[in-house]
Amino acid sequence: MEMFTVLFLSSFSVSLVAADSLAPPVNVSIRDLKANSAAVTWDIPDGEPVIGFAITQQKKDVRMLRFIQEVNTTTRSCALWDLEADTDYIVHVQSISVRGTSPASEPIHFRTPKEAEKQASKSKDEVTMEEVGQTTQLRAGELIIIVVVLIMWAGVIALFCRQYDIIKDNEPNNNKDKAKNSSECSTPEHPSGGLLRSKQQQQQFHKNPTVGRLSPSVTIIEV
């Protein structure tokens, strides 16, 4: 079971029992630094029987400090909260074992950013997300336009192919009708209806010589 303790002390001295041959934490660093919070991380030398840690957090040029202690844990990081913006801090880390506490690590100095910088960073992130949303909407609109245009082109091509097939199917019938009409049309040499009609008239004349002749007319005038 983990035990977590936070103490606020009004002096620099912290009375802890020093453990013999227990090395202090190494590679202490500050991460996720914000205007009102941060995180401190560290490493433990190999082979050290560590069961917890202790952190002292202090404002620069101020005697008040915060003491954070946690046991029965193997974690190698701790969150620092309720920090003041644009403020300098000093942090020490100590390892805790069953025999006591190690010496303090090398002090880490850091400064929290200003609230304006925090707001600017937040605004930048919001603008970035808004731009991403607008870009996504534009791409969706472009895709819709492309799809509509492709569908219209497909409809035009299908209509053209259908009309072409209809014209192609009607071509033989039109040629037959043209040939038939041309055989029955008159020519300058045979104004009565062409060669076919002249032959028909000749056959009828041979059968009936009176066909085509003018019958005499008689006019009687009374005085």
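Cβ from N, Cα, C; glycine included.
Per TrEMBL, signal peptide is recorded for 1-19.
Broken down with DSSP, the domain 'Fibronectin type-III' (24-115) shows 1 helix, 47 strand, 44 coil. For 24-115, the entry in TrEMBL reads domain 'Fibronectin type-III'.
Among the features that TrEMBL reports, region 'Disordered' is placed at 102-129 (among others).
The compositional bias 'Basic and acidic residues' annotation in TrEMBL covers 108-127 (among others).
The annotation transmembrane segment is assigned in TrEMBL to 143-161.
Sequence annotations record features per position, and here TrEMBL assigns region 'Disordered' to 170-212 (among others).
Annotation source TrEMBL lists compositional bias 'Basic and acidic residues' at 170-181 (among others).
Residues or ranges marked as compositional bias 'Polar residues' in TrEMBL: 198-207.
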If we skip the immediate neighbours and take only residues 6+ beyond the ends of the transmembrane segment (143-161), which ones have a Cβ under 8 Å from one of its Cβ atoms?
none
